[in-house]
Amino acid sequence: MVSVNGVPAARLPVTLPGEDRASRKAPDYLMVEQPPFDELMYTIGETIELSCAAEDASTTTKWCKDGIGIVPNNRTSTRQGLLKIINVSSDDSGIYSCRLWHSTEILRNFTIRVTDLPSSGDDEDDDDDDDDETEDREPPRWTQPERMEKKLIAVPAANTIRFRCPAAGNPTPTIHWLKNGKEFRGEHRIGGIKLRHQQWSLVMESVVPSDKGNYTCVVENKYGSIRQTYQLDVLERSSHRPILQAGLPGNQTVVLGSDVEFHCKVYSDAQPHIQWLKHVEVNGSKYGPDGDPYVSVLQSFINGTEVDSTLSLKNVTETNEGQYVCRANNFIGVAEASFWLHIYKPAPAEPVEKALTTSSSSITVLIVVTSTIVFILLVIIVITHLMKVPSKKSMTAPPVHKVSKFPLKRQQVSLESNSSMNSNTPLVRITHLSSSDGTMLANVSELGLPLDPKWELLRSRLTLGKPLGEGCFGQVVMAEAIGIDKERPNKPATVAVKMLKDDATDKDLSDLVSEMEMMKMIGKHKNIINLLGACTQDGPLYVLVEYASKGSLREYLKARRPPGMDYSFDACKIPAEQLTFKDLVSCAYQVARGMEYLASQKCIHRDLAARNVLVTDDNVMKIADFGLARDIHNIDYYKKTTNGRLPVKWMAPEALFDRIYTHHSDVWSYGVLLWEIFTLGGSPYPGIPVEELFKLLKEGHRMDKPANCTHELYMIMRECWHAVPSQRPAFKQLVEDLDRVLTVTSTNEYLDLSVAFEQYSPPSQDSHSTCSSGDDSVFAHDILPDEPCLPKHQQHNGAIPT
């Protein structure tokens, strides 16, 4: 091999005539002498400008760094024979060459060195200064130990990593590198390494997971040796569309002629393509024939994995007003944020004389209007006072429905005169009174509730059956009701009836009434448990809802796990129906549709889990207990202020730590429910104590992909578990995504029987009730898959949680 100015010549592989390249064991090389190297030195932040020219001006040239073609980006630009790099960093150090296009001929070579300080060429210059200060012999020592404190380095795959061990000594020490305790050289790694001895550094480009390990620099001279070990962790890139920082860019209103800036922060593992767009009109229309809006591209560029992009508009005019879009896309998908720019045009100033005249007139008008209003108010007060005295004598108390068996000490049921048949307003309003102790309601038989003809069912048409389950304050029984089905009024229908227990309090009564009224307002949907009727007159309160014969989704899935495993309920019993992968996707899709409907009704569930989804005889998923949620109307969050029982393992971090509930926190819970579905009723975070769970969630840990789950569905789960609530998908988006997955899924794709589900199941079950309302109830039985308040007698044939 030939060297030019101490630099090895280029090696070019040559294929001999008539020879198959693939058949050779090792390539032959043709030695090509390179032109001399121009050595140039720059300081971090400066601009590099290099040039070369071919003999023929029409010949195209290209630029390479360390033998690899240079791709223009936001810092690097190339033109015919010119290379420009702005804001250089130490990573820009290397060998640059100018070559003829489609040729191996090199026109010019440059050795570029980028240093930290203008006064020194490299780290070794500082070391020489240290050596000049003393004539004593000394062992090696670190010159910049503060830059070596970070010993654990984690980077995404395909990034460039550099380890540095700047040192000094007399005589000047040498440096070599070890990986996992063994000598490390370029041939040990695909892609090779770069050893920059003058900078005491090791550089690896485009790292991959196999590059993980411990890297040790050994610095030594004849008087001693020192070493430093770095741990490298290479993270797999996640397949995720770009993420835009919430709240950016925001709407702005500026004065005509001023300047304005919009910021858009983009996060993406894959390099994103970022565009700034403005909505425009074409021939008076904002939309094209295909329904897509017309837009003009203001800016467009490709950048790194974390980008803070800015759109600057100078001296804005009325034509700048309108809707804008920041759009980012990678090979996974697209994310965009719309915002508006409004232009304020100040009115021209009025002449001084006219302004004074207008001001005087305004004061006069104001005085006259104020006097008139005061006079009218005085007249109204006098008339009201005169009418009030006789009205007291003639007033008679209207008839009031009274609670005949017990007083409501803490809360009172107040009556409305209008029916709820044609109104979304609750018929029964709960008002809080000042008294307090949660009195027990023994032997409840009559309530002073108003008659609602739309929902009322005569007790004579209802036949109660066997109990289905009971909770902390209520119970559910199966029943036969006549007249529920309007098309077949004389045919009995099977329903579930919610009622209070004997030891229920007035608070429990209030909750059941509120749940009934909430179900009235929310309306009907195929994928929620619908209200069928109520018995409110001449006896205890009965709330009739749809009956789901196959019980909760969690028990439904567990009962249909593949046979022959230790986790089966009965090892000798084969499930009546075997689930396919499409069945599981269908379950997820139906629950998403139900939650999409509840979200459209401004209803936050707060306790979405497989145990609160019921399954009908036709395998229809129905969300239950949403009536216990809060109607948020104009406020998109509900902040819990009491220390009630909380389903910890299903709760979003903002709900867990800040007690803030939104539709976004319901989406997090839906992600956990997805995990339950694809583990066939597994317990989330198996084996992890609650205290440890808090810590793991804060650190960003998430559950692993279930065995019977595709990568696409797992990425949907991970999107539901995004740390930023506003970045989680809406239920509408989840419905669209799952509908697409459902469409392309085969109906014959059965589950993998080799997967053991015991890893997702708790080690034991406990059937007793844990209805404590104390602060510690959240942690009392974390090994159970359900929240701490469990039903006492859970059946599998249609029990509806209360």
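Cβ coordinates are placed from backbone N, Cα and C, and glycine is handled just like the others.
For C98 (disulfide bond), the count of additional Cβ atoms within 10 Å of its Cβ stands at 23 [all protein chains shown]. Positions annotated as disulfide bond by Swiss-Prot: C52-C98 (among others).
Taken from Swiss-Prot, the feature region 'Disordered' covers 116-148.
Among the features that Swiss-Prot reports, compositional bias 'Acidic residues' is placed at 121-136.
Same-chain residues lying 6 or more positions outside the compositional bias 'Basic and acidic residues' (137-148) and placing a CB less than 8 Å from one of its CB atoms are 123, 126-127, 130, 164-171, 173, 219-221, 223-226, 228. Swiss-Prot lists 137-148 with the feature compositional bias 'Basic and acidic residues'.
The domain 'Ig-like C2-type 2' annotation in Swiss-Prot covers 140-233.
Positions annotated as disulfide bond by Swiss-Prot: C165-C217 (among others). For C217 (disulfide bond), the same-chain residues that are 6 or more apart in sequence and have a Cβ closer than 8 Å to its Cβ are F163, C165, I175, H176, W177, W200, L202, R227, Q228.
According to Swiss-Prot, the disulfide bond annotation covers C264-C326 (among others), on the basis of sequence analysis. Around C326 (disulfide bond), the same-chain residues at least 6 positions away in sequence with a Cβ under 8 Å from its Cβ are L244, L248, P249, F262, C264, I274, Q275, W276, L277, S309, L311, E336, A337, F339.
The annotation domain 'Protein kinase' is assigned in Swiss-Prot to 462-751 on the grounds of sequence analysis.
Feature annotation from Swiss-Prot assigns ATP binding site to L468, G469, E470, G471, C472, F473, G474, Q475, V476, K498.
Look at Swiss-Prot and you will find D607 tagged as active site, proton acceptor. Under the DSSP three-state reduction, D607 (active site, proton acceptor) is assigned to coil, being neither helix nor strand.
The annotation phosphotyrosine is assigned in Swiss-Prot to Y637 (among others) on the grounds of similarity to another entry.
Feature annotation from Swiss-Prot assigns phosphotyrosine to Y638 (among others); the stated evidence is similarity to another entry.
For the recorded site, Y714 (phosphotyrosine), the DSSP three-state label reads helix. For Y714 (phosphotyrosine), the Cβ neighbour count at a 10 Å cut-off comes to 19, with all displayed protein chains included. Marked as phosphotyrosine by Swiss-Prot on the basis of similarity to another entry: Y714 (among others).
Taken from Swiss-Prot, the feature phosphotyrosine applies to Y750 (among others).
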* To do: Give me the mean pLDDT over the domain 'Ig-like C2-type 2' (140-233), rounded to a whole number.
  => 89
* To do: Calculate the distance in Å between the alpha carbons (Cα) of V476 (ATP binding site) and D607 (active site, proton acceptor), and round it to a whole number.
  => 19
* **Under 8 Å by Cβ from C52 (disulfide bond), same chain, sequence gap 6 or more** => T61, G81, C98, L107, R108
* May I have the DSSP-based helix, strand and coil counts for the residues of the compositional bias 'Basic and acidic residues' (137-148)? => 4 helix, 5 strand, 3 coil
* Structure fact -> Integer Å value for the Cα distance linking Y714 (phosphotyrosine) with D607 (active site, proton acceptor) is 22
* Across all chains shown, how many C-beta atoms besides its own are within 10 angstroms of the C-beta of V476 (ATP binding site)? -> 24
* To do: Taking the Cβ of C264 (disulfide bond) as the centre, count every other Cβ atom within 10 Å, in any protein chain shown.
  => 24
* To do: Note down the number of other Cβ atoms within 10 Å of the Cβ of G474 (ATP binding site), including every protein chain shown.
  => 22
